[in-house]
Each structure stands twice: as C-alpha cells, then as structure tokens.
Amino acid sequence: INECANDPCENAGNCTNTDGSYRCDCSHGWEGEHCTIDINECDINPCENGGNCTNTDGSYRCDCSHGWEGANCTNDIDECTTNPCENDGTCTNDNGSYRCDCSDGWAGVNCTIDIDECSNNPCKNDGNCTNIDGSYHCDCSHGWEGVNCTIDIDECASYPCKNGGNCTNNNGSYRCDCLIGWSGENCEIGMHLLLTYTTHVRVSLYTEN
C-alpha cells in the first residue's frame, strides 16, 4: 500500500513510501511524524544584538533593536547616511549607533544645542558679550580691541596730544604731558601768563586764554 497517496505529511513535508509504511521528511520549522509540530526557533536565540524573537508557524521573526536590521539583526544600520549631525558636525557610524563630533559652538547628540560662550566671560576689560548661533561677539570698551578685547589700542599712534605735548599709552587709554603754557586732556587749552615772581622758589600763575 502506498501510504503517501493520502498525503499524510502536512506543512509541505515530503512523503517517502517504505515497505509497509512511509516516512515524512519535514520542511524547515516543522517536526513530528506528520510534520504537525511547530519547532520553536526562538529557543536557540537566533536574534542577535538585543533583537526580540517571536515564534511563528514554521518559522520565527526578529524585531531588531535600534541600529540593527536583517533576518537575525546582524546588519548594522549606517545612520550617517541620513546626515543626523547638524551645524557642520561630523558623523561616525558605530555598531548599532552613531556619534556626532560637533563643530565649535555646538553640543548635543545631533549638534543642535548652541553653547552659550558668554557664560565663561570671554570678553575682557569690561567688554560686552553677545551669544550668537555657534559663536559669540565681544563689543569692546573704549581703548580695547580684538576677539576677546585683550589688545590695547595705542591711542598715541593718532597723535592726540597737541602743541608739543608728549603722549604715553596706557592700558585702555593714554596720557598727555603738556608743555608749559598748555593744558587739557589733549593739551588743547592755551594758558596766559599772569604773574611770575621769584623768592627762593619761582612761581608762575596762568589763566586760560
């Protein structure tokens, strides 16, 4: 008798007739005399890298964790292809994840957080700091210049002292030493000699012209 004529092997199992009997060669995922027992593939933990296994009829399904894909979650997803790092950040793909190396002035996982450089008081000598996207700007006080207001302006270079006055540059300012007969911040005020007399000490009195 050919028992295979009745298709005793289920779930696509292959029937082989033998002397006085038959044999079922089961398809993948099934076992038992008639291939009716579903094999639980999840018992061997086929899903890698933290994937979650769900047994199905004759097979299984892997729900992969973030950053992985493929039947068994073995394929690393290259997140850098979607350009996740903003504001000129550099993306490096890692196993199951990625890393952003942010440009100056930016922070955060995707370089979207503007760093407030003004919190570190970068502007010296009473300069006023303004935070801007990815950077900052210093408005320097009188007599100073440079990115952080650390460069003293040499006011003497513009010869501010008039009428032969001698200019001395100071930090953030200057001083005029005026010749006799002149006064004022820039030696611009002429003085008129009123009286000169001598005892042991010579005394001269002046008034403004």
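Note that Cβ sites are derived from N, Cα and C of the backbone, with glycine treated the same way.
Keep in mind that what you see is a predicted model, and the values were worked out from it rather than measured.
If you check TrEMBL, you get these features:
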- 1-36: domain 'EGF-like' (DOMAIN)
- C26-C35: disulfide bond (DISULFID)
- 38-74: domain 'EGF-like' (DOMAIN)
- C64-C73: disulfide bond (DISULFID)
- 76-112: domain 'EGF-like' (DOMAIN)
- C102-C111: disulfide bond (DISULFID)
- 114-150: domain 'EGF-like' (DOMAIN)
- C140-C149: disulfide bond (DISULFID)
- 152-188: domain 'EGF-like' (DOMAIN)
- C178-C187: disulfide bond (DISULFID)
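Distribution of TrEMBL features across the structure.
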residue	record	Cβ neighbours (10 Å)
C26	disulfide bond	21
C35	disulfide bond	22
C64	disulfide bond	21
C73	disulfide bond	22
C102	disulfide bond	21
C111	disulfide bond	22
C140	disulfide bond	21
C149	disulfide bond	22
C178	disulfide bond	20
C187	disulfide bond	21
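Separation of the C-alpha atoms of C73 (disulfide bond) and C26 (disulfide bond): 27 Å, rounded to the nearest whole number. Here the domain 'EGF-like' (38-74) has long-range neighbours at 11, 27-31, 95-98, meaning same-chain residues at least 6 beyond its ends whose C-beta is under 8 angstroms from one of its own.
Closest to C111 (disulfide bond) in space, going by CA atoms and restricting to the disulfide-bonded residues C26, C35, C140, C187, is C140. Considering only the disulfide-bonded residues C102, C140, C149, the residue whose Cα is spatially closest to the Cα of C64 (disulfide bond) is C102.
DSSP classifies C178 (disulfide bond) as coil under the three-state reduction.
In terms of DSSP secondary structure, the domain 'EGF-like' (76-112) contains 4 helix, 13 strand, 20 coil.
Taken together, the residues of the domain 'EGF-like' (152-188) have an average pLDDT of 95. A gap of 27 Å separates the Cα atoms of C187 (disulfide bond) and C140 (disulfide bond).
Separation of the C-alpha atoms of C35 (disulfide bond) and C102 (disulfide bond): 58 Å, rounded to the nearest whole number.
Put simply, C102 (disulfide bond) is 56 Å from C26 (disulfide bond) when counted between their Cα atoms.
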